[in-house]
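Under the heading domain 'Cytochrome b5 heme-binding', TrEMBL lists 5-89. Taken from TrEMBL, the feature transmembrane segment covers 111-131, 137-158, 170-191, 253-273, 285-305.
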Amino acid sequence: MGDSKKYITAEELKKHNKREDLWISVQGKVYNVTEWIKQHPGGDIPLLNLAGQEATDAFIAFHPGTAWKHLDNFFTGYYLQDYEVSEVSRDYRKLCVDFAKAGLFEKKGHGVMYSFCFIGFLLFLIFYGVIFSDSFLIHMLSGALLGLSWMQISYLGHDSGHYLIMANKGFNKMVQIMSGNCLTGISIAWWKWTHNAHHVACNSLDYDPDLQHLPVFAVSSSLFKSLNSTFYGRELTFDSLAKFFVSYQHFTFYPIICVSRVNLFVQTLLLLFSRRKVPDRFLNILGIMVFWTWFPLLVFALPNWTERVLFVLTSFAVTGIQHVQFCLNHFAADVYVGQPKGNDWFEKQTAGTIDIDCSPQMDWFFGGLQFQLEHHLFPRLPRCQLRKVSPIVQELCKKHNLPYKSVSFFEANRWTIRTLRTAAMQARGLLWEAVNTHG
């Protein structure tokens, strides 16, 4: 009896790669998600980035088992011809199944409760120190504690964005709005928009927004070609101003990071008041209004402008440690230009991430994100499980001769500055060439 299935080739699948005609393949079955993109909880960017491709590994990474039953609603009736699974993908998928059977995706431990208590204690100390103390040192310490609390709150918001940390989706959304918008002034909608794109297109210079920092930073000379950002829908212009800034980026990196939170505030407002469709726009705006009520009131409770400015700068500088960490995880890793491919998911994650080697006693400080590769491979895995699965990931990388980069915090900083310096020297050559040419 002959095979009655209908097949299309990978080349034919690639033709369906536009918003108005969007197909993907999962485990060799082809799905039309053109209409679903409007309702996709993860936003439109992940689907657009993998449009017209086989995307099984990405689907498995981001979706729980309950999501599989919804796929049949989008089945086109076609199967992907010559569908094959690489040995790396086969092993990766087996790991996902094994972790699910072991209940690792559901075992969240007591970390959320501890985080709530710790954050509440920090906030109490901050407000008490500002309001009830006249000491300059106590006020500055309160600013530092505010920066530390923002770090811990951001980790909590990050966790709630990847998996349910509360009893149900309603409470989970409440935590997202509280932790992101109300307490840090950074919209959870903005974070989801950029973060989901980052995960899917890890370290793609033209698809990953986390590497698109011109005119201030450039991690590769490939950015000197004024690439087009598919995420922002505009050119990443490498002009004379960018050449100047990038030429000194290995010196300006830490000072700029100390005040980079201002950029996140601006990006939040640009998104929330844009024409782009924003999930829960009203709740996000309301949460931002809460932040911009309590934060100025806290700052103005200080006795004079000197203390107010230093308080804000201290809080920004301390939370800047977290921004540095995010850069360490990716800036010195391998980069590429072009659309992410669904058939080399595991390989792209190993190439584009760097783990931070630290003792278990420091896990709270890094929020689990020191296991950056583990997090990218299993984004739904609770942070308390990342250290447990790390040896398994290392063995899989070793088996397939793939990089597993894990270095100390100090060494990761050194790698990052070296990467920035290399690009800076290349940009400086172009800058002096332009000066000499135009006199």
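Any Cβ shown, glycine's included, is placed from N, Cα and C.
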The transmembrane segment (170-191) versus listed stretches 111-131, 253-273, 285-305: most Cβ pairs under 8 Å: 285-305
Structural state census, the domain 'Cytochrome b5 heme-binding' (5-89) (DSSP three-state): 33 helix, 22 strand, 30 coil
Same-chain residues near the transmembrane segment (137-158), Cβ under 8 Å, at least 6 residues beyond its ends: 112, 115-116, 118-119, 122-123, 125-126, 129-130, 165, 175-176, 179-180, 183-184, 186, 188, 191, 195, 302, 307, 310-322, 364-365, 367-369, 383
